[in-house]
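Q: Pasting in a structure now, in structure tokens, and then I'll have a few things to ask.
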Amino acid sequence: MKILVLNGPNLGRLGRRQPEVYGSETLADVEARLQRLAGELGVEVELRQTDAEHEMLGWIHDAADAGLPVVLNPAAWTHTSVALRDACAELSAGLVEVHVSNVHAREDFRRHSFVSPVATGVVAGLGTAGYDLAVRFLAGRVVGGA
């Protein structure tokens, strides 16, 4: 089974953009680690990143149609996109919302998520290890049949 790991705007700059907030690990580093983890768990992961909201919506629609579980770091769209929330509501195989930083300890506007109410779970503030936790959780549901 495949788990999609989808990343929103500015995450292509992970490791370079505000390393004091997001750390020094790049998205390529995260992908390499998740590929190893997926092999251990007996699942496949596919990591994608886009700064274009319409592209993200298309990926989520495709995942919903294919019945795939999704790890999503919506980044700034977390706080702004009803369209993203509505697309995510169609995901039936599981959705874990991930944030590298603790969005609840930052500016007020970052504390609201349009995605959280339709997510299976949320991981925030654990750095890039949040991706690992999300993949482990979804793999357990897939392999365990939950």
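Glycine residues also receive a Cβ, built from the backbone N, Cα and C atoms like all the rest.
Predicted, not measured: the structure shown is a model, and the values here were computed from it.
Look at Swiss-Prot and you will find Arg17 tagged as site 'Transition state stabilizer'. Sequence annotations record features per position, and here Swiss-Prot assigns active site, proton acceptor to Tyr22 based on sequence analysis. Summarising the annotation, Swiss-Prot assigns substrate binding site to Asn73, His79, Asp86, Val100, Ser101, Arg110 and lists sequence analysis as the type of evidence. As annotated by Swiss-Prot, active site, proton donor applies to His99.
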Q: For Ser101 (substrate binding site), what is the secondary structure by DSSP, using just helix, strand and coil?
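A: It is coil.
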Q: What's the CA-CA gap between Asn73 (substrate binding site) and the residue listed as 'active site, proton donor' in angstrom, rounded?
A: 6
Q: Would you identify which of the binding-site residues Asn73, Ser101 has the most other C-beta atoms lying within 10 angstroms of its C-beta?
A: Asn73
Q: Going along the chain, which residues six or more apart from Asp86 (substrate binding site) have their CB under 8 A from its CB?
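A: Asp86 (substrate binding site) has no long-range Cβ partners.
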Q: Could you tell me which of these recorded positions, His79, His99, has the fewest other Cβ atoms within 10 Å of its Cβ?
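A: Comparing Cβ neighbours within 10 Å for the recorded positions His79, His99, His79 has the fewest.
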Q: When you measure from the Cβ of Val100 (substrate binding site), how many other Cβ atoms are you left with inside 10 Å?
A: 24
Q: Any idea what the Cα distance is from His79 (substrate binding site) over to the residue listed as 'active site, proton donor', rounded to a whole Å?
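A: If we compare the Cα positions of His79 (substrate binding site) and the residue listed as 'active site, proton donor', the gap is 12 Å.
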